[in-house]
Amino acid sequence: MKALHLVCEPPRAERAVLVGHGARDRDRLAHSLDELSLLADTAGARVLGRIAQRRGPIHPATFIGRGKLEELKTEVEEWDADLVIFDDDLSPAQVRNLEKALGRKVVDRSELILDIFAKRARTRESRLQVELAQLEYSLPRLTGLWKHLERQAGGIGTRGPGETQLETDRRIVRERIARLKQSLERVERERETQRRRRRRELRAALIGYTNAGKSTLFNGLTRSRVQVEDRLFATLDATTRQMVSRDRKVALVTDTVGFIRKLPHHLVASFHSTLAETVEANLLLHVVDAADPDFRHRMGVVEAVMEEILPAPRPTTLVFNKSDRIREDLAAGLRAEFSGCFVVSARTGEGLAQLREFVWDQASGRPWSRAS
Ligand SMILES: Nc1nc2c(ncn2[C@@H]2O[C@H](COP(=O)(O)OP(=O)(O)OP(=O)(O)O)[C@@H](O)[C@H]2O)c(=O)[nH]1
Ligand SMILES: [Mg+2]
């Protein structure tokens, strides 16, 4: 009986303390830490509290200043935390110094996001992409892990003469990275063949911040059933479906991974094959959660990521979603401020008919845009 009890008991969630640093903008720091808290929750941690350093420069050795570090140490011990999560990226040396000073595991924002992606990746393609990003992230962080073994140069087996354990590790990681890249290139070639077949049709891609409602809108537009969740990064793969009008006009719509502020650079690079669907689209629909008080900043984040992945700027149509959660005067203000935008509710269906018409209108000038 006892064994059964042990098996059934859920694993204890890791208890985490969040740390932010932001000298200038108090609201921005608060929003960023709210989001970090959601990310930590998505990764399966329990957030006990947060600490922010509002003044002073970034400390090269420990990121936060000595006084703040003392305060953090006291809190971590009082709260009995297992884990400290920093809202910014830390250098490998900073992580080492902080872990030594705090006696707890320390992770940064990139590592947390990578962890969530690893947990959520379901398809072969997204698994390959996440593993590649994780290895690229960890490569410079292997330094020192094997310091104690470095004297044993010239080991047996795979190690070459004079090679240290650290070098062996790096070599293994680099080889794995090369193999992953090859596999991803194969996937990309397959996708490219599919895309070439679809080149005549209008391709619209839904882009936007994570949790903006892209998948819900995709389902509404194409009458599909991709997964929708009130969680960050519910979608990691690109899905494409046809949208056919009553008079047989056809457009292809793609739903894809969402963006977030401080998205790890390695992830953007390794999600190349998924994002290719977006890069190659003729029409970009930028889905914005209009009910989010921070939506303007989030729009800027999405635009910055698009700039990173698109070879040249591309006209984009703004779709303000979740209109059921905003007041009519805000909706009117958005229509006035962003000409040509759509204000819709993917949940109630409000505004979707006009948005469909717009997409089909864009499609109708194309020679093979009609379903046979
Ligand atoms: N009130 C309201 N909620 C919505 C609307 N559209 C989506 N949602 C909710 O917003 C949450 C996120 O929706 P998703 O469609 O998964 O968002 P997403 O942009 O695909 O998110 P990621 O895949 O994580 O990037 C879910 O809880 C949806 O039910 C809407 O028009 N109104
Ligand atoms: Mg989604």
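From the backbone N, Cα and C atoms, a Cβ is placed for every residue, glycine too.
Going by TrEMBL, these are the annotated features:
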| type | residues | note |
| --- | --- | --- |
| BINDING | 208-215, 233-237, 255-258, 321-324, 345-347 | GTP binding site |
| BINDING | Ser215, Thr235 | Mg(2+) binding site |
| COILED | 170-204 | coiled coil |
| DOMAIN | 202-367 | domain 'Hflx-type G' |
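Features per TrEMBL, on structure.
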residue : record              : Cβ neighbours (10 Å)
Gly208  : GTP binding site    : 25
Asn211  : GTP binding site    : 21
Lys214  : GTP binding site    : 30
Ser215  : Mg(2+) binding site : 24
Ala234  : GTP binding site    : 19
Thr235  : Mg(2+) binding site : 22
Asp237  : GTP binding site    : 21
Val257  : GTP binding site    : 26
Lys322  : GTP binding site    : 22
Ser345  : GTP binding site    : 22
Cα-nearest neighbour of Thr235 (Mg(2+) binding site) within the listed binding-site residues, Lys214, Val257, Lys322: Val257
Conformational class of Asp237 (GTP binding site) under the three-state DSSP mapping: coil
Three-state secondary structure, which DSSP defines for Gly208 (GTP binding site): strand
Pairwise CA distance, Gly208 (GTP binding site) versus Ser215 (Mg(2+) binding site), rounded so that it is a whole Å: 10
Binding-site residues close to ligand 2 - of Gly208, Asn211, Ser345, only those whose C-beta is under 6 Å away: none
Of Ala234, Asp237, Lys322, Ser345, i.e. the binding-site residues, those within 10 Å of Ser215 (Mg(2+) binding site) when Cα atoms are compared: Ala234
